[in-house]
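Okay, so here's the structure we're looking at.
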Amino acid sequence: MRRTILKSKIHRITITGADLHYEGSLTLDEAIMEAANLVPFEKIEIYNVNNGHRFSTYVIPGQRYGGECILNGAAARLGHAGDIIIIVSWADLDEEELKNFKVNLVYMDEENNIKEHKVTTVFSEEVKEIAERNKNLVRD
């Protein structure tokens, strides 16, 4: 069996611009891409916290340490400078790959600086603790 698992998450990054006439994609600060384990032309999903739009595109590197997060092409219609977004990518893994797979979680501040960077696994102690805390939310 294969499972689709979160590979990378950039949480609450601010859109810095939009270029409707660029051919497509999201331009993202190269250092943020590396922290999140994203490579150029990788498929990503974008969730716009401000307006609820959810869409997919691909990522291309922007200026390193510039804080760039620019919607390009048709995606430019789905967000504006100042909007807060969440960027995710997924991995398709078999059961063996899942055992040691590392998830990159990158948390941003208001200036598009990395506030926190976590690398975790599906079976980490932290994830087990969250599951344990939430089990009493399940109703019989």
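Cβ atoms here come from the backbone N, Cα and C positions, even for glycine.
Record note: Swiss-Prot gives G73, A74, A75 as substrate-binding, and the candidate from T57, T120 in that site is T57.
For the recorded substrate site, residues T57, G73, A74, A75 set the reference point as the centre of their Cβ atoms, and the other residues of that chain within 8 Å of it by Cβ are G24, S25, L26, F55, L71, N72, A76, R77, L78.
Listed binding-site residues: A74, A75; maximum Cβ neighbour count within 10 Å falls on A75.
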